[in-house]
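Below is one structure, written out as structure tokens; the observations come after it.
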Amino acid sequence: MFSASRYIADSFPHLLGHLRDVKQVPVKSADEIDEWHREPGIINGYRHNCSISQAVISLFNATNETVNFWTHFIPTIFFVWQMGLLSSTMPLFQDPYLFPLVCYLFASCAYPLMSCMAHAFCCVSTTASHVCFFMDYAALSIYSWGVAILYYSYAFPKSLMYTWFSSIFLPVATFNAIVATIMACSSRFLTGSPYIRKALRLSAFIIPFLWDTVPLVWYLYTCDDAKDICGESKFYHFRQFASVILASFFYGSHLPERLAPGRFDIIGNSHNLLHLFGIIATNEQLRGSLLDVSSRRVELQSLLWTTSPHWATIVTPLLIFCNFLLIVFFTHALNKKTIKIAKLKKQ
């Protein structure tokens, strides 16, 4: 007769042995890994050639990706909770006026999720690292689109409505979201200085950011606190801008680890700070935009300024599909490059 307790008792030593093997995560120094995987100022804590189970277990150990994972995994849960909370108080999926907000909320959940997955599994192999970050870049591109449709719908200044700028704003934002993925993914094929690769990736997302924020900046600049209703959200938008500037600074400068190599291998390095200030920026952006959504509705509808639902229901899915195709394309190109390198080594 089958005994569950006896089966568990017999299996327990094997399970413990397996977990012991899993915990042996290969953590190496910069000298022990390829130049491609090194980060300036980061000396130790690199994971290398992990299995998937080792990659998961390593997220609870001290490596140079542990903080990167948790600083985006926890915010993912937070933003999903926020979206659930908003859906219980607002008709997000029934009211066309709120469809742009829904696009932004999904993008706000997707980009930290893809980022934490990339940081979790980038150690499995070089190919896995590239593909994971292809997905990360695509999610950031979709997020830039979510920001564009958010600002166009709720923070567009009256002086720019029904102008040539308003007519091209969303089409250009769509184009930017595709080009940003192409630029960021292409950076992983460049050889030579890592700073050139970083500069290309930073440019890939700075350009959409600058374009997206033009209407918001002009709205805040031309808004009269005494007469208009922008004063409530100004505080959050300014804090958002400050956080974005700090995030970009740390990402581009590799500070503080460049000043004290080895001191910030596990926590406090520039990528940790990029995640921290990036999430703060998104949270402030969301809080300020929610005020704009509610306070400007009457004004925007009186001006007949409404975003066509097709931008949310048709263009957004198409944009996601285009980015998916780009991931497939770059993955195929990466595979061809890997095969070519392998053949050259055999010769």
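Using the three backbone atoms N, Cα and C, a Cβ is placed for every residue, glycine included.
Around the Cβ of His275 (Zn(2+) binding site), the same chain contributes Val67, Asn68, Thr71, His72, Ser115, each under 8 angstroms and 6 or more positions distant in sequence. What TrEMBL lists as Zn(2+) binding site is His119, His271, His275.
Outside the transmembrane segment (67-85), and at least 6 residues removed from its termini, the chain residues within Cβ reach (under 8 Å) are 59, 92, 105-106, 108-109, 112-113, 115-116, 119-120, 266-267, 271-272, 275-276, 279, 282-283, 286. For 67-85 (among others), the entry in TrEMBL reads transmembrane segment.
The transmembrane segment annotation in TrEMBL covers 97-122 (among others). Sequence-remote contacts of a segment are chain residues at least 6 beyond its ends whose Cβ falls under 8 Å from one of its Cβ atoms, and for the transmembrane segment (97-122) they are 52, 55-56, 59, 65, 68-70, 72-73, 75-76, 79-80, 82-83, 86, 90-91, 128-129, 132-133, 135-136, 138-140, 142-143, 145-147, 149-150, 152-154, 275, 279, 282, 286, 289, 293, 297, 301, 306-307, 309, 311-313, 316.
TrEMBL lists 134-156 (among others) with the feature transmembrane segment.
According to TrEMBL, the feature transmembrane segment maps to 168-190 (among others).
The transmembrane segment annotation in TrEMBL covers 202-221 (among others). Beyond its flanks by at least six residues, the transmembrane segment (202-221) meets 137, 140-141, 144, 147-148, 151-152, 155-157, 159-160, 165, 169, 172-173, 176-177, 179-181, 183-184, 187, 230, 234, 237-238, 241, 244, 248, 251-252 of its own chain at Cβ-Cβ distances under 8 Å.
Under the heading transmembrane segment, TrEMBL lists 311-334 (among others).
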Inset, instruction - Mind telling me which of the binding-site residues His119, His271 has the densest Cβ neighbourhood, counting other Cβ atoms within 10 Å? - result: His119
Inset, instruction - Determine, for the Zn(2+) site, the additional residues of the same chain whose CB lies within 8 Å of the mean position of the CB atoms of His119, His271, His275; present them in sequence order. - result: Glu65, Val67, Asn68, Phe69, Thr71, His72, Ser115, Asn272, Leu274
